[in-house]
Amino acid sequence: MAMLMDTRLLLRKVKDLRSLTPRRNRVKEKWAATRPKYPPTSLALQHFDATYSAQLGQLWPSVRVALLSERKYGALLNNFSHDAILEDLRAKGCRDFINDTDTVAQPCLEEGPVAGVKEESSDVPVKKSDIDGQQLSPLRLSPHIKCAVFPRGDITRFKPARPDMHKLLGYYLMDAASVLPCLAMDVQEGHNVLDLCAAPGGKTLTLLQTQSIRFLCVNDTSVSRTLRLRKVLHSYVPKEFLTERNLRITSFDGTKWGEIERETFDRVLVDVPCTTDRHSVIEDDNNIFSKTRTGERRRLPQVQLELLLAGIEAACPGGEIMYSTCTLSQIQNLSVVEQAIHLAREKHGIRLEVVDLRPLTRMFRKTFHFAPDLHLGEMVIPHLAANFGPIYMCKLRRLT
């Protein structure tokens, strides 16, 4: 027995490499200047654990696991390509989730304002459940958009898209939930559309797939990101659709757009910069939780509010504004929308109503996992079986 104990002690010492190192050569591990002791990903996860555990409650553990797992992509089909892409993807097990919906199983709700979030009563929001009894008509969607996804639970990766005979790529890989705000915008023939924070270009490309837009204005504050956006468009869209008559690409400060063009656009997409939750817990590079970007992160809600107000001013009366983010944060989502509705009325005399997007969640519940009980807007939350998102969206209609 004593020999057995001695052998165990010897093996433990052999496994501990420090016991083989002379004591005089043992040093405490040092952190290089380029290797932060607390990387941005760790700081982001700590922040999310503290914030989202209270916000999401029992949902947070599953959402957390999904955020830290490999994300799932969709293939936005390029209507300008001449290859039969959809048939090839279906042969591999994909489906076009937009045309394979669950509209029959559940009657949709009417597209209409959510009670209590009109500007007259924005100080006392009323939950959607207060209008559950209303019988409403289906939500209208932007036409011609197709996006292929693998079934729930299938984590197969898409292969890179190949160019057709005209050197246009057949599909664009993106988070399939990012297509939903563009679908819900209800872009119709002859509309003038503004994409206020457009780079890197996935949602801009989605809007162009409707082939209904008379004029599209695409803006992003960052010049380098705008250059990347141009490359994306030239890889997917024929040159005759990228003329100055159809498209304008700018790099202005989006928060000042109300001073540039007022009451001009039928549809405005305000896909604001945010904490990009999934990127923040996965990648240290270009991470908003880097200590050098603390001030930028703290200013985000104010910047988002200013961008949304600028988008509201740019929309014409009767036009619609889609606000979207890729964060779970209530401060960056619901709070920004509520403040914008209030300030638009108080400072600019603009009356708004919120369009109910619940029909969208019922149509696409086979594909996405939606957050329950939001009193303003809708949100796709990550789930291991459907690891898309997070994407928050809220649609406003300008009345005056």
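Just so you know, glycine gets a Cβ as well, placed from its N, Cα and C.
For reference, TrEMBL has these:
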DOMAIN    100-399  domain 'SAM-dependent MTase RsmB/NOP-type'
BINDING   C197, A198, A199, P200, G201, G202, K203, D220, D253, D271  S-adenosyl-L-methionine binding site
ACT_SITE  C326  active site, nucleophile
Cβ atoms near D253 (S-adenosyl-L-methionine binding site) (within 10 Å, other residues, all chains): 13
Rounded Cα-Cα span from C326 (active site, nucleophile) to K203 (S-adenosyl-L-methionine binding site), Å: 13
Spatial separation of C326 (active site, nucleophile) from C197 (S-adenosyl-L-methionine binding site) - C-alpha basis, Å: 13
Protein Cβ atoms within 10 Å of the residue listed as 'active site, nucleophile', excluding its own: 22
Site of maximum Cβ density within 10 Å, from binding-site residues C197, A199: A199
Intrachain C-beta neighbours of G201 (S-adenosyl-L-methionine binding site), sequence separation six or more, cut-off 8 angstroms: R228, L229, V232, L233
Alpha-carbon distance [A199 (S-adenosyl-L-methionine binding site); C326 (active site, nucleophile)] in Å: 14
